Amino acid sequence: MTKDELVEEDSFSGKDYLDPPPVKTFEAKELKKWSFYRAVIAEFIATLLFLYVTVLTVIGFKSQTDRESGGGACASVGLLGISWAFGGMIFILVYCTAGISGGHINPAVTFGLFLASKVSLVRALSYMVAQCLGATCGVGLVKAFQPSYYNRYGGGANMLSDGYNVGVGVGAEITGTFVLVYTVFSATDPKRNARDSHIPVLAPLPIGFSVFMVHLATIPITGTGINPARSFGAAVIYNNQKAWDDQWIFWVGPFVGAAIAAFYHQFVLRAGAMKAYGSVRSQLHELHA
């Protein structure tokens, strides 16, 4: 269906917004376009910068609160500062890369958008690889610049905190990622942009703020993953057995949370299931007419 036909159909149905057509699952033509590789590079660099700044913040917090080294609770940025670092970097990087790659910077976000047919399988897998490589390089830079502090203060690796069981950790990651991916869908929804045009919404702002809020809630439980690339990159460079033992939590939780958010937004809020049912019913009616 052409763009003109889409506009005509939407005008006929009274819609005041235009939904982009679903992206094909297999879109091999992308591999021949420079814009595709430019987007993959943007995801790599953005995730590298994200991990570099945020892991440095985490290590700085731990070093400043280390009483054995003369630190104290009031000498650091605190958990609030760490949350701001993660949320603020997402705001900045999504703003910088949204027009190039979509500003995913997170395999869970990419997975959710893939399930909603907003990116192809080729692009989704390429983004995830770039994000994981970027995260690993970003943490590697932190270790290269501050090796003693890095090894002494845990390398910013995600691990399930003492006193919490696996179910709580997985639940925290599922819920936290749901909040993030749900915000991504809502902030970029063409229907919202059309009908709430009187409310100026800069999409990276609510997305970054959702990351900030989730970190406030879940840092004490898992250190807050909600981003498999962030957890993977830190685990690779720190290479601690507990970080690897808990690694599955930071993949299963975010992917499940992203899938639930995609389903909720597309099939409940946007009534995707009813639209699909109506389309099938209309086609069957035409066949019997």
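Start at 1 and count along the chain as shown; that gives each residue its number.
Every residue, even glycine, has its Cβ placed from backbone N, Cα and C.
Any TrEMBL annotation is an automated prediction that lacks curation.
Taken from TrEMBL as is:
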type     : residues : note
TRANSMEM : 36-61    : transmembrane segment
TRANSMEM : 73-94    : transmembrane segment
TRANSMEM : 124-146  : transmembrane segment
TRANSMEM : 166-187  : transmembrane segment
TRANSMEM : 199-221  : transmembrane segment
TRANSMEM : 248-269  : transmembrane segment
### Task
Sort out for me which stretch, of 36-61, 73-94, 166-187, 199-221, has the most Cβ pairs below 8 angstroms to the transmembrane segment (124-146).
36-61
### Summary
Quick tally over 36-61, 73-94, 166-187, 199-221 of CB pairs under 8 Å to the transmembrane segment (248-269) gives the top stretch as 166-187
## Note on the structure
Same-chain residues at least 6 beyond the ends of the transmembrane segment (166-187) with a Cβ under 8 Å from one of its Cβ atoms are 106, 108-109, 112-113, 116, 160, 201, 203, 206-207, 210-211, 213-214, 217-218, 221-222, 224-226, 246, 249-250, 252-258, 260-262, 264-266
### Query
Are there residues at least 6 beyond the ends of the transmembrane segment (36-61) whose Cβ is under 8 Å from a Cβ of it, and what are they?
30, 76-79, 81-82, 85-86, 89-90, 93, 96-97, 100-106, 123, 126-127, 130-135, 137-139, 141-142, 146, 149-150, 153-156, 229-230, 233-234
